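Encoded as structure tokens, the structure appears first; notes follow it.
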Amino acid sequence: MTLRSLYLQHFRNYEEAYLEFSPQFNLICGPNAKGKTTLLEAIHCLMIGRSFRTSHYPDLIQQQFESFFLEAQFYKHGIEQTLKFGFHTTDRKIIYNSTPLATLSNLLGLIPGVIITPDDVQLVKGSPQLRRQFLDIQIAQVDPLYVHHLNRYGRALKQRNHLLKMKQQISIDSWEQEMTHSAAYLIQQRYQTITHLQNLAQKYYHLLSGENDLLTLEYRSIANSNLSIDEIKKLLVKQLCKNRQREMQIGYTLSGPHKDDLFVAIGGRDIRYFASEGQQRSCVNALHFAEWNRLHQRGDGDFPLFMIDDIGMSLDSNRKDRLVEQLQSVGQVFLTTTDPKFLDHIDADKKIFTLPFYN
């Protein structure tokens with residue numbers, strides 16, 4: 001797919017802006033705090049319905065205004081399409097071509113893509129929640145049923161935790177039944193995704209770092225990867241029953257996909273403790289390239305967008321050159337940087353946007 005244009009109104013520091021993009025490289029450059037990241041943020045909102053910096057829509061509204069509006073024109077499978085996204089006070093509206101979309105789940109996959117940000121090193125250094133989110137976002141873009149089960153599991157988990165805190169066992173069985181049904185699907189899909197990502201991530205890690213160390217991914221869950229959905233469900237039911245009395249005392253659920261983790265290692269050693277920052281960032285980049293590749297394969301051959309905020313941050317010149325080399329084969333690319341000459345040596349169709357340009 002190709003993002004042809006983007007229109008912003010009262011979004012962050014943009015009163016109004018209209019941009020037409022190159023089908024290959026788009027370099028957004030300028031001093032810090034001038035709105036470079038905001039442009040990627042707007043595209044990300046159109047991709048998955050929220051910013052990668054906040055989940056609170058009012059934060060995205062320009063000061064002294066009550067709403068923001070985004071509109072994208074894009075080509076998908078050769079057909080020009082339009083996506084509009086607006087928020088006013090408490091009301092969110094999404095319109096795809098001329099059809100209103102009732103939920104964010106209907107938005108997912110319309111504009112597939114990945115983004116790498118400076119904070120993404122926390123993907124390998126930070127909490128398990130970030131790694132679960134990494135898996136959830138990419139699976140949700142290609143599997144609507146996953147979104148259904150993710151929402152269903154979250155609702156049932158919230159209700160079960162409430163009953164645990166209230167020490168009410170009367171209706172807890174029905175919520176556990178709903179939980180385990182959806183949890184089994186989530187766990188199985190995460191295992192399948194990681195199996196697919198493993199070889200891709202290893203390949204990209206070598207290409208991006210030049211190192212031959214083995215990058216390994218391991219999903220850590222109560223259930224094993226070789227179990228069927230029914231077997232996972234039975235195992236979860238057994239575990240919930242086993243833990244119920246203890247969970248009544250502490251007021252929350254101890255096991256399930258909301259507690260699982262993705263373990264990442266280089267050369268068999270935990271990347272959190274035994275890798276340099278350069279290795280960690282190359283690993284994160286490799287995971288996102290693998291994510292892009294999977295979205296491409298699962299998306300009927302469409303090329304997802306690839307965005308990098310503050311490209312080259314904390315990378316040495318070798319890793320930076322290797323990163324740019326790989327970007328030349330991923331379709332449409334959006335990069336932010338303070339260096340307007342960053343792509344001077346690239347022989348490709350490119351467009352440079354120099355900020356500020358909105359005054």
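Keep in mind that glycine also has a Cβ here, set from the backbone N, Cα and C atoms.
Small disclaimer: the values here were computed from a predicted structure and weren't measured.
Per Swiss-Prot, the features are:
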BINDING   GLY30, PRO31, ASN32, ALA33, LYS34, GLY35, LYS36, THR37  ATP binding site
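Positions of the features from Swiss-Prot, shown on the structure.
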residue: GLY30; record: ATP binding site; CB count, 10 Å: 17
residue: PRO31; record: ATP binding site; CB count, 10 Å: 9
residue: ASN32; record: ATP binding site; CB count, 10 Å: 8
residue: ALA33; record: ATP binding site; CB count, 10 Å: 10
residue: LYS34; record: ATP binding site; CB count, 10 Å: 17
residue: GLY35; record: ATP binding site; CB count, 10 Å: 21
residue: LYS36; record: ATP binding site; CB count, 10 Å: 23
residue: THR37; record: ATP binding site; CB count, 10 Å: 21
